[in-house]
Amino acid sequence: MLLTLEGLDGSGKTTVWEALRASYPDAVFTREPTDSWYGDAVYRSIADDDADPLAELFLYTADHANHLSSTIEPALEAGELVVSDRYCDSRYAYQAATLADSRLDRPLEYVRDIHRPFTREPDVTVYLDLDPETATERSGSTNKFEQREYLERVSDNYERLIEAEPDRFVRVDATRPPAAVLTRVESIIDDLTDDRGVEPTEDRDIDDRR
Ligand SMILES: Nc1ncnc2c1ncn2[C@@H]1O[C@H](COP(=O)(O)OP(=O)(O)OP(=O)(O)O)[C@@H](O)[C@H]1O
Ligand SMILES: Cc1cn([C@H]2C[C@H](O)[C@@H](COP(=O)(O)O)O2)c(=O)[nH]c1=O
């Protein structure tokens, strides 16, 4: 089973991902950008404020293709639980925002279409829901993506993705304390691995805001 963690910069994905390692020692923990030379190229682009947005999209996508063939697919074939800190939805949300002012008419659909023939959809995607203002504060605005106006566009794109696939996404309130967020994510994983399924998205929203 492939579970992905998504959300704005600073929403707490890595905090949850690190803590899950202790709870699920047999699972495979991975992330995008990856620790490969493709990932290194991506980080060079992140550090370049003048990087061409289309070139940047293809760097991230190359990293994803290698991630799939080298890590994700072998682990899934071996029957492992795979937990990825960011995955294809980061591209759909972030690069669609970066390309919003480009010559592309529908950037989100364009980025999705590039992935469609080769990617492997997550079985479930935990969306750590945080407002762009808090996300900007928590992330410390250390790179070109961690800016409030940009994260507002990214947030809108994530909302479009959730609306299009409500059964795949599980929204978790990321304003809650780290321990509460972790408990909620663990319960989602346990429900799935017990093969009991998860509650509908709207009900889950209500639960998380209690
Ligand atoms: N639930 C939480 N409540 C308050 N602060 C949190 C919470 N979760 C994480 N943080 C803090 O917010 C900051 C960002 O957390 P983290 O690195 O886990 O986010 P992230 O989503 O992985 O960010 P990025 O995408 O930029 O790597 C850290 O200082 C972390 O300690
Ligand atoms: C995978 C991926 C990431 N990004 C952005 C989001 C972050 O600002 C940086 C680095 O990610 P990290 O989780 O903070 O290490 O890259 C992106 O724009 N598109 C992607 O596909």
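Backbone N, Cα and C atoms are what each Cβ position is placed from, and that goes for glycine too.
Feature list (source: TrEMBL):
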type	residues	note
DOMAIN	5-182	domain 'Thymidylate kinase-like'
BINDING	Gly7, Leu8, Asp9, Gly10, Ser11, Gly12, Lys13, Thr14	ATP binding site
REGION	191-210	region 'Disordered'
COMPBIAS	194-210	compositional bias 'Basic and acidic residues'
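A map of TrEMBL features onto the structure.
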{"residue": "Gly7", "record": "ATP binding site", "Cβ neighbours (10 Å)": "27"}
{"residue": "Leu8", "record": "ATP binding site", "Cβ neighbours (10 Å)": "29"}
{"residue": "Asp9", "record": "ATP binding site", "Cβ neighbours (10 Å)": "22"}
{"residue": "Gly10", "record": "ATP binding site", "Cβ neighbours (10 Å)": "23"}
{"residue": "Ser11", "record": "ATP binding site", "Cβ neighbours (10 Å)": "27"}
{"residue": "Gly12", "record": "ATP binding site", "Cβ neighbours (10 Å)": "24"}
{"residue": "Lys13", "record": "ATP binding site", "Cβ neighbours (10 Å)": "25"}
{"residue": "Thr14", "record": "ATP binding site", "Cβ neighbours (10 Å)": "13"}
>> Under a three-state reading of DSSP, tell me whether Thr14 (ATP binding site) is helix, strand or coil.
In response: helix
> If you average the pLDDT over the domain 'Thymidylate kinase-like' (5-182), what number do you get?
Replying inline: 97
> So around the ATP site, Gly7, Leu8, Asp9, Gly10, Ser11, Gly12, Lys13, Thr14 aside, which residues have their CB within 8 A of the centroid of those CB atoms?
Replying inline: Leu128, Leu130, Ala135, Arg138, Ser139, Ala174
>> Out of the binding-site residues I have (Leu8, Gly10, Gly12), which ones have their Cβ sitting under 6 Å from ligand 2?
In response: none
>> For Gly7 (ATP binding site), which of the three DSSP-derived states applies: helix, strand, or coil?
In response: strand
